[in-house]
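Per Swiss-Prot, these features apply:
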ACT_SITE  Cys329  active site, thioimidate intermediate
ACT_SITE  Arg427  active site, proton acceptor
BINDING   Asp272, Ser273, Ser274, Gly322, Met323, Gly324  NAD(+) binding site
BINDING   Ser327, Asp362, Gly363, Gly364, Gly385, Ser386, Tyr409, Arg410, Gly411, Met412, Gly413, Gln439  IMP binding site
DOMAIN    112-171  domain 'CBS 1'
DOMAIN    177-235  domain 'CBS 2'
Amino acid sequence: MADYLISGGTGYVPEDGLTAQHLFANSDGLTYNDFLILPGFIDFTADEVDLTSALTRKITLKTPLISSPMDTVTESDMAIAMALMGGIGIIHHNCTPEFQANEVRKKFEQGFITDPVVMSLNHTVGDVFEAKNRHGFSGIPVTETGKMGSKLVGIVTSRDIDFLTEKDYSTYLSEVMTKRDELVVAPAGVTLKEANEILQRSKKGKLPIVNDSDELVAIIARTDLKKNRDYPLASKDCRKQLLCGAAIGTREDDKYRLDLLTQAGVDVVVLDSSQGNSVYQINMIHYIKQKYPELQVVGGNVVTAAQAKNLIDAGVDALRVGMGCGSICITQEVMACGRPQGTAVYKVAEYARRFGVPVIADGGIQTVGHVVKALALGASTVMMGSLLAATTEAPGEYFFSDGVRLKKYRGMGSLDAMEKNTSSQKRYFSEGDKVKVAQGVSGSIQDKGSIHKFVPYLIAGIQHGCQDIGAKSLSILRSMMYSGELKLEKRTMSAQVEGGVHGLHSYEKRLY
């Protein structure tokens with residue numbers, strides 16, 4: 001009894017766990033699985049946790065999630081879905097500049113749509129069906145010249161063409177459209193709120209905005225009203241358009257790609273390199289900042305403070321951290337360079353925060369717990385590839401193998417990706433090599449369903465993780481880590497086994 005009845009009070013609490021500074025002070029490189037976060041005190045519900053975090057110096061996201069610029073992960077469908085959920089998608093550049101710019105071009109989820117598809121009286125029903133197949137909508141305004149700024153004469157909606165067949169494709173729009181005198185319009189200068197109220201009262205699908213000369217200047221869609229209601233966290237720019245990023249290389253011909261992307265409305269460019277500490281990237285940062293000073297630039301990839309310093313000095317607005325830690329990446333194996341991701345994120349974030357530069361943890365994310373750990377180590381956002389691959393919105397077609405529904409997933413350093421386009425070769429400085437050295441592999445991943453179901457699971461998981469830690473926001477989580485209040489503990493291999501599913505003959509692991 002005497003051994004444990006030392007005091008009648010509970011004022012004494014022994015020191016427990018390690019601060020991040022102590023954990024990463026030794027020479028061991030740690031991954032996310034090598035440590036755990038010790039729980040804190042809960043005095044709030046999980047849904048109260050604020051996940052707002054900085055993507056770059058000037059762009060803030062309500063959800064700290066980014067889809068990776070890989071050709072089996074992010075094109076327009078993924079970027080749209082990620083932005084609607086409060087994150088952002090980075091369109092890959094393993095394609096022509098024109099294709100990438102078209103994927104970025106903003107026509108979805110806007111307040112006032114100032115560049116809609118417009119047709120003239122000389123267009124036919126077939127043209128409308130072609131536009132519907134290409135853009136996914138059929139509410140098309142008709143003007144005298146078929147351009148914005150021309151006199152509005154009508155609109156073609158799905159109700160006008162629903163029951164038409166191929167034999168009607170040659171019919172002119174003047175015969176099927178809803179005429180101007182039947183339309184509800186709003187005057188130029190109307191506020192977005194007023195226009196939305198008019199659209200709600202009219203019960204129409206589209207609301208054209210016209211000037212005093214009855215010329216079309218913009219349009220508003222009812223579907224956008226519904227999206228505003230259904231996606232309150234959506235990432236939008238000052239024009240109420242969804243945020244979108246794009247990756248570019250660091251070579252001379254990437255300057256043409258950059259011009260097309262800025263014309264398409266890109267919000268942030270990611271300089272895509274496996275090793276970002278190079279004269280090529282520094283020169284490209286200087287070029288972008290001189291030509292497009294307001295454009296946000298993400299540099300990388302880096303894993304040390306020394307690498308980060310050069311890019312911060314060059315003027316980057318955020319840093320992408322990770323080298324060789326992705327599930328399809330073999331850089332560490334082939335090149336003998338890289339760093340375990342836990343250590344890389346902590347070391348770079350601890351240095352970059354002194355200059356107000358946010359850090360993106362890129363790679364090595366296998367579970368929602370890894371996301372929480374990356375954020376707790378100082379990352380502002382987390383970039384995911386394999387975790388989002390094989391979702392409905394990821395590029396590529398599903399196929400079946402042994403009865404399992406799969407999608408292809410490959411590293412941008414794989415021979416498959418490098419053979420498709422030279423952009424992947426430039427990322428690994430190998431476009432001029434006679435012999436290509438693969439730094440990635442190709443594989444397949446089981447169908448995960450839609451992003452619209454998977455990302456809410458990730459968001460809820462992050463919130464519950466922060467709740468267990470006792471952090472009501474991501475900014476509080478980081479401040480707890482840097483102040484030493486957040487305590488960590490290394491895990492032995494036995495501890496890792498214990499922390500997973502064990503001791504069962506068989507089991508089913510359903511995450512959501």
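Every residue number used here counts from 1 along the chain in the order it is shown.
Placed from the backbone N, Cα and C atoms, the Cβ positions cover glycine too.
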Could you give the Cα-Cα distance between Gly322 (NAD(+) binding site) and Gly363 (IMP binding site), in whole Å? 6
For the recorded positions Met323, Cys329, work out the Cβ neighbour count at 10 Å and name the residue with the minimum. Cys329
Summarise the model's confidence over the domain 'CBS 1' (112-171) as a mean pLDDT value. 83
Helix, strand or coil for Tyr409 (IMP binding site)? Use DSSP. strand
Taking helix as H, G and I and strand as E and B in DSSP, count the residues of the domain 'CBS 1' (112-171) in helix, strand and coil. 18 helix, 13 strand, 29 coil
Cβ neighbour count within 10 Å of Ser274 (NAD(+) binding site): 23
Which whole-number value in Å describes the distance between the Cα atoms of Gly324 (NAD(+) binding site) and Tyr409 (IMP binding site)? 16
In whole Å, how far is Cys329 (active site, thioimidate intermediate) from Tyr409 (IMP binding site) when you measure between their Cα atoms? 11
Residue, out of the binding-site residues Ser273, Ser327, whose Cβ gathers the largest set of other Cβ atoms within 10 Å: Ser273
If the NAD(+) binders are Asp272, Ser273, Ser274, Gly322, Met323, Gly324 per the record, what's the largest distance between their Cα atoms, in Å? 14
Does DSSP put Ser273 (NAD(+) binding site) in a helix, in a strand, or in coil? coil
